[in-house]
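Colleague: Attaching a single structure in C-alpha cells format; questions to follow.
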Amino acid sequence: MTSTGMSNMSKIIFYEERNFQGRSYECKSDCPDMSSYLSRCHSCRVERGCFVVYDRTNYMGNQYFLRRGDYSDYMSMMGMSDCIRSCRMIPMHRGSYRMRVYERENFGGQMNELMEDCDNIMDRYRMSNCMSCNVMEGHWLMYEQPHYRGRMMYVRPGEYRNFISTIGSNMRVTSMRRITDSCQ
C-alpha cells in the first residue's frame, strides 16, 4: 500500500542569503528549474516532508537529501556551490520496499533483490559494481561509497538502465538506503 504525499504536506523555503535572509522561494512540489525565482541559494528551511535538491536543472547533477530542519548555511555545510537549480519532493511511502540491483547497465550481470538497507553491496552480495536498477516499491537513496557516504542519487519506482544518463556523471553505487516515513 502506497500513500503519496500531497503538495500541501511538503514544504521547503529557499533563501538567497545565509541565515534565512534575502529573497525567498517557497516550494511544495517538484520544481525542474528554480533559476527564474532565485539567483543563488545560501540557506533553506524544510518545514514539512523530505526533498532532494540538484545543482542542475531538470533534476540532474549532484544531489543532496534534505529532511525537516533548518539549514542556515546549507551550501558551505555540504560543500555545494550556491546554484541549486531544481528540487524534487519525496512522497511519503508506507508499505514495503523492493528494488533489484544489477552489476551492469541495462539490467545485465549479477542481480540481487533488496527489501532493506544495504550498507555495502560488495560485502553482502559479492557484487563489485551496481550500474542499473529496477525500483518496484518505495523510494531509495543510493550512495557511491559504503555506509551511505559520498555522492548520492535518489531513485523512485521505475527502471534505471544506466546511472550515468540518470545523473549526468559516472557514479559507482556501493550502498543504498530506504527513505522511510521517519524522515517526514
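From the backbone N, Cα and C atoms, a Cβ is placed for every residue, glycine too.
Annotations per TrEMBL:
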DOMAIN    10-48  domain 'Beta/gamma crystallin 'Greek key''
DOMAIN    49-91  domain 'Beta/gamma crystallin 'Greek key''
DOMAIN    138-180  domain 'Beta/gamma crystallin 'Greek key''
Colleague: Counting only residues 6 or more past its boundaries, what in the same chain has a CB within less than 8 Å of a CB in the domain 'Beta/gamma crystallin 'Greek key'' (138-180)?
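Modeller: Same-chain contacts beyond the flanks: 50, 52, 56, 60-65, 88, 90-91, 93, 95-99, 101, 105-107, 114, 116-123, 129-132.
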Colleague: With DSSP as the yardstick, break the domain 'Beta/gamma crystallin 'Greek key'' (138-180) down into helix, strand and coil residue counts.
Modeller: 5 helix, 20 strand, 18 coil
